[in-house]
There are 4 protein chains.
Amino acid sequence: MSAPKKVVLAYSGGLDTSIILKWLQTEYGCEVVTFTADLGQGEELEPARQKAELLGIKPENIYIEDIREEFVRDFVFPMFRANAVYEGLYLLGTSIARPLISKRLVEIAKETGADAVAHGATGKGNDQVRFELAAYALNPDIKVIAPWREWDLTSRTKLLEFAEANQIPIAKDKRGEAPFSVDANLLHTSSEGKVLEDPADMAPHYVYQRTVHPEDAPNEPEFIEIGFEKGDAVSINGEAMSPATILTKLNEYGGKHGIGRLDLVEGRFVGMKSRGIYETPGGTVLLEAHRGIESITMDRGAMHLKDQLMPQYAEIIYNGFWYSPEREMLQAAIDKSQEHVTGTVRVKLYKGLASTVGRWSDHSLYSEEHVTFEDDAGAYDQKDAAGFIQLNALRLKLLAARDKRLSK
Amino acid sequence: MSAPKKVVLAYSGGLDTSIILKWLQTEYGCEVVTFTADLGQGEELEPARQKAELLGIKPENIYIEDIREEFVRDFVFPMFRANAVYEGLYLLGTSIARPLISKRLVEIAKETGADAVAHGATGKGNDQVRFELAAYALNPDIKVIAPWREWDLTSRTKLLEFAEANQIPIAKDKRGEAPFSVDANLLHTSSEGKVLEDPADMAPHYVYQRTVHPEDAPNEPEFIEIGFEKGDAVSINGEAMSPATILTKLNEYGGKHGIGRLDLVEGRFVGMKSRGIYETPGGTVLLEAHRGIESITMDRGAMHLKDQLMPQYAEIIYNGFWYSPEREMLQAAIDKSQEHVTGTVRVKLYKGLASTVGRWSDHSLYSEEHVTFEDDAGAYDQKDAAGFIQLNALRLKLLAARDKRLSK
Amino acid sequence: MSAPKKVVLAYSGGLDTSIILKWLQTEYGCEVVTFTADLGQGEELEPARQKAELLGIKPENIYIEDIREEFVRDFVFPMFRANAVYEGLYLLGTSIARPLISKRLVEIAKETGADAVAHGATGKGNDQVRFELAAYALNPDIKVIAPWREWDLTSRTKLLEFAEANQIPIAKDKRGEAPFSVDANLLHTSSEGKVLEDPADMAPHYVYQRTVHPEDAPNEPEFIEIGFEKGDAVSINGEAMSPATILTKLNEYGGKHGIGRLDLVEGRFVGMKSRGIYETPGGTVLLEAHRGIESITMDRGAMHLKDQLMPQYAEIIYNGFWYSPEREMLQAAIDKSQEHVTGTVRVKLYKGLASTVGRWSDHSLYSEEHVTFEDDAGAYDQKDAAGFIQLNALRLKLLAARDKRLSK
Amino acid sequence: MSAPKKVVLAYSGGLDTSIILKWLQTEYGCEVVTFTADLGQGEELEPARQKAELLGIKPENIYIEDIREEFVRDFVFPMFRANAVYEGLYLLGTSIARPLISKRLVEIAKETGADAVAHGATGKGNDQVRFELAAYALNPDIKVIAPWREWDLTSRTKLLEFAEANQIPIAKDKRGEAPFSVDANLLHTSSEGKVLEDPADMAPHYVYQRTVHPEDAPNEPEFIEIGFEKGDAVSINGEAMSPATILTKLNEYGGKHGIGRLDLVEGRFVGMKSRGIYETPGGTVLLEAHRGIESITMDRGAMHLKDQLMPQYAEIIYNGFWYSPEREMLQAAIDKSQEHVTGTVRVKLYKGLASTVGRWSDHSLYSEEHVTFEDDAGAYDQKDAAGFIQLNALRLKLLAARDKRLSK
């Protein structure tokens, strides 16, 4: 790879990405464009602008954007249509944010004539893969720089020395090492590493940042009604809201009731297992409600196929293949299944648990007329079941007859 | 079908199966053998013997058996190895009990020279299918009698008239109609029908029978440790127990903490949707813990394949095909995956929620050495990730290059 | 089911459906509308009109239509996009025609105010299921009459007596029984029953109707070029043609070279196994060519997903669920995958075998630059493979290390 | 990676692996052990011994083995139980041989105290991946050396210079470059590269080495009978044979009739597409026959599941994950399905095509009694089909009713 001339850096404004910024300038002598996005991580963006300017980035090279609506509308919601969970439990909160960041990096590279993009993910994790696969899928000629895999700043001490040597301001609380590493966006907060590295040990309370301890949650349950249209949440308690607003609101509800905590050991795409603490308050409520509205509006054949496809869909996203033909194929199937997933679900929130307690819809396939224990006025002829069973049993009878024949 | 001469009836001792018993005698003039099983439903069995005798069944034709250990060991545990859930949520508590009942019915038919078996499931539900498919798979020549699909006792009034006309004792509380219908065994209690038929309405508290209301559960969490060997639970808090004992204990723990309630609308095999309230306290804890021990002992490749196969496995059991080659094939794959699923999981129980908070095992694949944020002493070379990403990206780049070429 | 007042009958003009026509008039006293379709079965349609008139059908109640283009465009081609084969071998020639016939029956019922449709399929086969599921999926209130499951004309003798008693003309060659039963349309000819019932015996030559005996095919191979756009064949040897024309042409090519014969034992949806002789000359060539064009234009990820979904897609069609949400979901995924399946394939036809021998496309993903054994000018860095392998191996190493550790 | 001290090299005796042998001695100064296997590639092994001795390998370090029986029994046959084909067409002839070679390399390393193994696969192909994943899965601490990825002998000229400088004999016909590259074993011959690199061009006749041109095959068909037990071929024309003998014989039959040629563009695991010419004469006959015996002995439910799992199973083998938990899980399922796949198939061989024309078995599930067009003496009640269809249709009717309701 020839040296990059102009690089778009995913820039948080924090110490690590500031060091990367400087390192790019120093190592490659290249022009740096910074991209700082509000994905709902809950941090002010303007300090990042000041920091970038301080580090010599030209004003026209500083991109600061609120992409929360795009994030929820085009990434989070399509994924929730699938009820996607990785390894049975993980709601993919980090995985789903990476492709969007790469998309903007590549777009800004095009706008600014940059030939490279850079990110601050390490060489051990999944995020490097997600950033880079997405970037290459969107521009096959882009260069991607991953300083953590390249440089020799391999210890905290060296990083701080580099920062000091390059006049990068170091916040007081960054002098010592953080007891764990955090990633956050509107969908979730993840915490990993250090004090969390032994999966036998219970995660300390202070790790949790977005949800109250269930023991500290309200002693009274709260009930909310979530409205859906074609598989996406569109309202809470009858009030229509934008995608990002809904997720923000659900985070408030979920967080208040201690909902959406997950202590997980997962298999990384790069081959090792890692332990993470995830908080996905709104997403956990949304998944429960989405399952609830599907339960009355989606046909059994569609649902079973969808459930069967889900694990691969989740794996594809986890592994960073959002921009791949196989994800798009599955998305086409999933979206097709959501055409009638419209209606309302009532969810109970209490002490860490979100439970569907009611659901209704004009699109309902539930037929009280058919299912009733009472007289069904001929809607269903129980005698049909005899033939149904006989023909379903036929191949089993033929198998059993063979066994009988052979055992003689 | 020619008329049966001797019928083995799945007999609970209750009003409905007593009516069936009499009806079989009356309608077919056949000898009846009763089979009453303790599957953990929580009812005394001896009254069923007295009732059977009262209805003229010969003592040698009365079979009363405790099959709880077989139920858990050979049915529940193999199913939990798969983390089986139907339509994302249902733990298959009723589905998994039916094949065992049919197995004993068919075996008793052989022992007693009976040519038919009979069950009390209606023509609208899944249970008739499960009973009959299992019976035919085990004996292709057996006759199966399903009185609810045959007789003309189509209303409560007619049933009571028949009972009275035939000197069948009617308990006082059976005069009126039950407000909902219940099935129970060691794994779960299900409630359906009547007051539950509108899925928009929250289920009344009195429906729940096996779990306390989460609001009434202890205000302090409780922590238990479940030991696993090859995928099956073998101990609680270090104390080894038999399969049925473990499930019984877990039911106590779960029930006390309000864990395992589910309000579900599901797609029945016979084609309609129905609404059920399920309580699976022990099973819910067990599923969480099993996922927990798998998370450190099972390889990613195995786990993802298993997750992908699970929905079909669950559907097969739900639909009644326990005794089918496809279930046996999947079971072989699942059992293969469990060879190292051995270790211990700590689970927190609190107000309706069971959460894994720690897990450890001699069989662990988790390598702190590899995953650590600290110096890993060369266990993992971060530079490998660059090549890994490049080759994973290659096909995406070729796709992107095509798009670029064609859009020119 | 109340008695039908007006029935649309799938009417071939042959003896059997003429008997059905008369039986419907006699049994139900209902008005009959006949629908005779040209699906490419190779029979004149006008005699069916005369026969219908002779049997008292009013001219406005006689529908005769050429639906070959719709058949190929909307049913055969979408199915071939999936490379659908049932049980590894069967190209679904009969299965795919049934939904279209039902669609027209239901549409004509609406136009003519009929309340029922009728078909001539027996109670042992799959076709009854396909006809009826499609009809019910398109109109939940339609009645479907399947005379073969209802009447008592259970022997050839009784049928002929009924025909004679009702002045139905009987062609001389229909007096005796046919040595096997045939279904045909533009995609295939199937032959079943009687002389074919022992699957150990080789099918006699005279069973084959649409393909020459490979031994009698030309001694010289023939090469044709098939053009594709978005997964559908659009030209042969550079000449653009309509869907039905292309399939007709391919049938000629394939038939001449003895291509597309299949002697199969298959598992019917109704539970038994049956043996069929299928001839699908054009379809066999088309499948080979479609695979060929996909091989250079479709990404590996998409192709592997598609291959994995195919068996269920084929089963869905075979079982008669063309009009189902799950088929539509899969179709959406499959169609998505075909957006770049555009280009040309050269196929060799010789003595029963169709083989792709060349393929090219502007949409090709094949990169000689990357794959070449010669110097690739840096397109591919072989050193990347080391990292790729290391990270793919990591989980296997962790597994092996566990085995080593535990065996100590 | 520290330098290896003793290396076991997969050694063919040819020029390339002789250069590698010398290079290992020169580059690493390490002791070399050679492993030369007869996998049925059709070459003499003794010349490899002489060559190894000439290059200074100690006699006790020269391993020459006939592993054909193990290859067919433990690798080829288990794979054929799955009817495995990659991307719809490729019988995985190269892929399946690699794990066995690695297994022996790792075993010999243990026996000889070697710390590394080496292979002669390039950095662009799949074989490097297969060799190395297998090696690491069997010994996590083994070093693997892939000279083609390391050295600077990047052109034919440099290789020949190195050979000459190191007294490696160069056969005359190796001076010029081969027009394509070949791999062979008892299952297949593959040819790639150079003259084959344009997938639009028909492969020249001289590429094919193991099968006659179909045009030159006998003008008369030949019929053979293959006997199976539990899914594996055990006899031809009634004569019992060992696994390798059967495959050798089938290769003769297939080769003589021009059967098993494949011209394929495939997606490599390393990301690019490549074009190969494969000849798998015996394997092609075996696959057809195995499908044939399964068609009468395997239940529909088992077969459909197996067909659905097959593409992933084939991908796993193609990608080199033979020794992985997921392959072992699938193998357990597949082997379970083969318990009754016992019987005989008659196959017609003619001009490139192998076709099943008859099959019979004591384990047959085919019931002429059920399927017959004649009177079936009550084996099957056609009226059962009505109920079967009604309940299968119920969910479709509910969907259609919804559409009707909503469109009002």
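Count begins at 1; order follows the chain as displayed.
Cβ from N, Cα, C; glycine included.
When D:GLU107, D:GLU111, D:GLU266 are compared with the L-citrulline site residues D:TYR90, D:SER95, D:ASN126, D:ARG130, D:SER181, D:SER190, D:TYR278 in TrEMBL, the one appearing in that site is D:GLU266. According to TrEMBL, the residue from D:ALA37, D:ALA82, D:ALA84, D:ALA137 that belongs to the ATP site alongside D:ALA10, D:TYR11, D:SER12, D:GLY13, D:GLY14, D:LEU15, D:ASP16, D:THR17, D:SER18, D:GLY120 is D:ALA37. Straight-line distance linking the Cα atoms of D:ASP127 (L-aspartate binding site) and D:SER12 (ATP binding site), rounded to a whole number, equals 15 Å. Taking the C-alpha positions, the distance from D:GLY14 (ATP binding site) to D:SER181 (L-citrulline binding site) comes to 13 Å. Least crowded of the binding-site residues (D:GLY14, D:GLY120), judged by neighbouring Cβ atoms within 10 Å of its own Cβ: D:GLY14. Of all the binding-site residues in the record (D:THR122, D:ASN126, D:ARG130, D:SER190, D:TYR278), the one with the smallest CA separation from D:ASP16 (ATP binding site) is D:THR122. Farthest C-alpha pair in the L-citrulline-binding residues D:TYR90, D:SER95, D:ASN126, D:ARG130, D:SER181, D:SER190, D:GLU266, D:TYR278: 18 Å apart. Of all the binding-site residues listed here (D:SER18, D:SER95, D:THR122), the one with the fewest other CB atoms within 10 A of its own CB is D:THR122. Checking the binding-site residues D:SER95, D:SER181, D:SER190, D:TYR278 against chain C with a Cβ-Cβ cut-off under 8 Å leaves D:SER181, in sequence order.
Separation of the C-alpha atoms of D:GLY120 (ATP binding site) and D:SER190 (L-citrulline binding site): 16 Å, rounded to the nearest whole number. The binding-site residues recorded for this entry are D:SER12, D:SER18, D:THR122, and the Cα of D:THR122 lies nearest to that of D:SER95 (L-citrulline binding site).
In the three-state DSSP scheme, D:ASP127 (L-aspartate binding site) is classed as helix. Around D:SER181 (L-citrulline binding site), the same-chain residues at least 6 positions away in sequence with a Cβ under 8 Å from its Cβ are D:SER191, D:GLU192, D:GLY193, D:LYS194.
Candidate binding-site residues: D:SER18, D:TYR90, D:ARG130, D:GLU266, D:TYR278. Nearest to D:THR122 (L-aspartate binding site) by Cα distance: D:ARG130.
Taking the C-alpha positions, the distance from D:ALA10 (ATP binding site) to D:TYR278 (L-citrulline binding site) comes to 23 Å.
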